[in-house]
Amino acid sequence: MKTVKFNNGCECPIIGLGTYRSQDEDGYRAVKHAIDVGYRHIDTALYYQNEKEIGRAVSEKIADGIIRREDIFLTSKLWNTFHRPDLVEPALKETLKDLRTDYVDLYLIHWPTAFQDGWNLSPKDQKGKMQFSNVDYVDTWKAMECLVDKGMAKSIGLSNFNECQIERILSCARIVPVNNQIEVHPYLNQKTLVDFCNSKNITVTAYRPLGGPPSESSSPIHNPCIAAIGEKHGKTPGQIMIKFLIERGIIAIPKSSNPQRIESNLDVFDFKLDETDMKTLWDLDKGNQGRSITYDVAIDHKDYPFHSNVEQI
């Protein structure tokens, strides 16, 4: 499979299996099937509460001789309640135990917004308001760097960070982030942020590359322009959207627990989008209005990343 090279020389497969909300046996079976059909990149997070199932699936495939540990690229993420520097390593240790591995290939700060410390992953007061912490993500980053020193993470990066927040990290980083994982699809093409990341030699991973589940009528998967491009190439709308990202050098992590869709999402290397196709897809952008993950639970946080004027902050 095609890979993307990080600024530290490590390489990441350009398509991975997203696992948000893939839990219990569904997640376990999805990962095993994905490996069987050629996936070598699995994206998870402590917050997804499925790392035990993923660890079981991967370890069984290693035991079966299908893959070696070095053949599979595992990404996980530090949750908001572990931003305090002394909690960063214990959080990763828990992830490593659940994933049954000594290291992750990529460890990301899931969000720039710190929550109240602890194992309650959604710490809310009696009125249901999320309880924040004032930990600076710059201090969290310095603790992340130590994970690389200790061999617990081969690479470290960010997720859902905006341009200004990335600049702050870069201004003090001893180890530069290799990746920023953000929502990207035709309705939210993120050209400005992607171009900025590229200018800093930071790769981009797209979560929600299909713009949300097909059950949502607002999903771009139902857009007739995308369907028309699919018909032209004999591909599904989902495959067209994944190819749109790959053509831009963006890593895509489509989520599915359906065996057929898992296979379909990988079947995107036998065609190319031409200039007309790409222009059509670029023109579908809706800016912030196209965002499907608005993260309203943290909208009052000082480090909320999605304010519309964020590039002017």
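Cβ from N, Cα, C; glycine included.
Unlike curated entries, TrEMBL annotations are predicted automatically.
Annotated features, as they stand in TrEMBL:
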- 15-282: domain 'NADP-dependent oxidoreductase' (DOMAIN)
- TYR48: active site, proton donor (ACT_SITE)
- LYS77: site 'Lowers pKa of active site Tyr' (SITE)
- HIS110: substrate binding site (BINDING)
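For HIS110 (substrate binding site), the same-chain residues lying six or more positions away in sequence with a CB closer than 8 A to its CB are ALA45, TYR47, LYS77, LEU78, TRP79, ASN80, SER159, ASN160.
Averaged over the domain 'NADP-dependent oxidoreductase' (15-282), the predicted model reaches a pLDDT of 97. Cβ environment of the residue listed as 'active site, proton donor': THR19, TYR20, ARG21, SER22, GLN23 lie under 8 Å away, each six or more residues apart in the same chain. All protein chains shown were included, and the count of other CB atoms within 10 Å of the CB of LYS77 (site 'Lowers pKa of active site Tyr') stands at 26.
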